[in-house]
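Colleague: Quick one: the structure is below, questions incoming.
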Amino acid sequence: MKLHEYEAKELFSKYGVKIPPGKVALTPEEVLKIAREIGAPVVLKAQVVVAGRGKAGGIKVANSPEEAYELSKRMFGMNIKGLIVKKLYVTKFVEVEREMYLSLIIDRASRRYLFLASPVGGMDIEEIAKTSPEKIKRVYVDPATGLRDYHVRSIVSWLGFKQGTSQWQQAASIVQAMYRIMVDYDAELVESNPLAVTKEGEVIPLDARVIVDDNALFKHPELEKALEEDPRDVTEFEAYAKKIGFHYVELDGDVGIIGNGAGLTMATMDLVYHFGGRPANFLDIGGGASREVVKEAVKVLLHHPRVKVIFVNIFGGITRADEVALGIKEALAESGGTNKKIVVRMKGTNEELGRAILAEIGVPLFDSAEEAAKKAVELARV
């Protein structure tokens, strides 16, 4: 789960980190009210969970509440990398002396946490690594022993602070807070870019990012609730599929994919690519799927406006071919007919029963996954 900037900053604040005053607005009128409350100049930040908001016009500075109001009218409804701007974070403009980069990730190869720190900030870490790799310091933290003072000293010194100063203590507190957020919230990323020294000499995160492991959301009901209320980077189809219990990922093609098992589903996508097609999604119904599960999976793709063809690829072990066929039949019946083509390849348990059911409703069944994929791509081009 990717947290919005304002949500990430709320976590930072919860752990004692000072952040610039700011509130979330849902309308231009709210922007005007907030700008008057905190005082101009203000920064308007589109709350979409993608990188590069600034370059896409999603971050604007307003020198008066009235200017903030006018800017917000153009910003609400903007499309930034496929996501529509529905919220603006209105925050106090801060004059900056210098910018730094600080993040905490999980290094799966070493099975440790990894701090990435640079005295140069305000740009992607990939860009820093490309232009100034010598300016990035890596500090590993073993989760078995946790964050120690020598880790903090190493990071804060690299960022350019002198030990014993107020700025040193502020930066050290931010490092410690980021580590606590990482552990307490089962995060995959905690980042401040830029981490800034203001003209007043304070060390504060001007931007904040937090990504929480989806598999740990059950431990954080407040985040689960926030995700339900605001799916953020999740499409309506991904949200519905998750509610039903599918593993579903939205892609940008027009060939709908349904498989059982992640490996088979990914192999099915590869076949579609191989024959020149473009998958519209990844949808894994899992093992032992009932007709009800299959029906709901097919209905998701029948209602998807971009899907032209649905390619169902099933290997029946504990998944029965007749249950799959009945699920397809019921989905078509409940959808009231469709002009979308369905191509099926099924092998395994009760294959002949499934074949007979599909023959009744005129859905072609292929013995070879390659033949089925080729046919699906051909139909998508019609």
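Note: Cβ is positioned from N, Cα and C throughout, glycine not excepted.
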Colleague: Just to be sure I read the record right: Gly317, Ile318, Thr319 are listed as binding substrate in Swiss-Prot. Which of Asn215, Asn260, Asn281 is listed for the same site?
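Modeller: According to Swiss-Prot, the candidate sharing the substrate site with Gly317, Ile318, Thr319 is Asn260.
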Colleague: With Cβ-Cβ distance below 8 Å and at least 6 positions apart along the chain, what are the contacts of Asn260 (substrate binding site)? List them in sequence order.
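Modeller: Spatial neighbours, sequence-distant, of Asn260 (substrate binding site): Asp284, Ile285, Gly286, Gly287, Ala289, Ile314, Phe315, Thr319.
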Colleague: Counting all other Cβ atoms within 10 Å across every protein chain shown, which of the binding-site residues Val94, Ile318 scores highest?
Modeller: Val94
Colleague: How many Å lie between the Cα of Gly52 (ATP binding site) and the Cα of Asn193 (Mg(2+) binding site)?
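Modeller: Just about 12 Å between their Cα atoms.
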Colleague: With a radius of 8 angstroms around the mean position of the C-beta atoms of Asn260, Gly317, Ile318, Thr319, what other residues of the same chain does the substrate site pick up?
Modeller: Gly261, Gly287, Gly288, Ala289, Ile314, Phe315, Gly316, Arg320, Gly348, Thr349
Colleague: Counting other CB atoms within 10 A of each CB, which of the binding-site residues Glu99, Asp207 comes out lowest?
Modeller: Glu99
